Amino acid sequence: MAAAEPLTAFSRWYLYAIHGYFCEVMFTAAWEFVVNFNWKFPGVTSVWALFIYGTSILIVEKMYLYLKDKCHILVRCFIYTLWTYLWEFTTGLILRQFNACPWDYSQFDFDFMGLITLEYAIPWFCASFIMEQLVIRNTLRLRFDETAEPGAPTVPVALANGHVKTD
């Protein structure tokens, strides 16, 4: 029996894109409730968010693999937050050239060109922690088994310590 293969980069990008898209919708719904007490929770985003989040998180995955044994998680999250600001600014600037940028932070006190705002530093930092610890680490553990039958029980796997893992 062939060993299960890790997910391809495109498969991981797809999962990261959907995760980011979902989080964006949930964040905007929560923000609308906190600011305007809107019980409808209207979460919104743009289809551009799929590309933006998928690509950004895939790059953060590469950073994680490089940095995980080199620096503390708080330092990594700070680096991821800086990356997030750079990526948000860059993609926003490009999209703005086509009148397609879906966000505008001009109304915030600490915005830069309406494309990024320091008010989101703590949420981005917290999101980067969740992204690394829950999303990236678990996505890297996923495997694709081409021979498995959909819905069939999994075959126990012998572990290196001699025990058999069963789910």
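Cβ atoms here come from the backbone N, Cα and C positions, even for glycine.
Record features, source Swiss-Prot:
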{"type": "TOPO_DOM", "residues": "1-14", "note": "topological domain 'Cytoplasmic'"}
{"type": "TRANSMEM", "residues": "15-35", "note": "transmembrane segment"}
{"type": "TOPO_DOM", "residues": "36-40", "note": "topological domain 'Extracellular'"}
{"type": "TRANSMEM", "residues": "41-61", "note": "transmembrane segment"}
{"type": "TOPO_DOM", "residues": "62-72", "note": "topological domain 'Cytoplasmic'"}
{"type": "TRANSMEM", "residues": "73-93", "note": "transmembrane segment"}
{"type": "TOPO_DOM", "residues": "94-109", "note": "topological domain 'Extracellular'"}
{"type": "TRANSMEM", "residues": "110-130", "note": "transmembrane segment"}
{"type": "TOPO_DOM", "residues": "131-167", "note": "topological domain 'Cytoplasmic'"}
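On the 0 to 100 pLDDT scale, the topological domain 'Cytoplasmic' (131-167) averages 80 in this prediction.
With a threshold of 8 Å between CB atoms, no same-chain residue lying at least 6 positions outside the topological domain 'Extracellular' (36-40) comes near it.
Through the fold, the topological domain 'Extracellular' (94-109) approaches residues 45-46, 48-49, 115-119 of its own chain, all at least 6 residues removed from its boundaries and within a Cβ separation under 8 Å. For the topological domain 'Cytoplasmic' (1-14), same-chain residues at least 6 beyond its ends with a Cβ under 8 Å from one of its own Cβ atoms are 54-55, 57-58, 61, 139-140, 142-148, 155. Long-range contacts of the topological domain 'Cytoplasmic' (62-72) within the same chain, counting only residues at least 6 positions beyond its ends with a Cβ under 8 Å from a Cβ of the stretch, are 79-80, 83, 132, 136-137.
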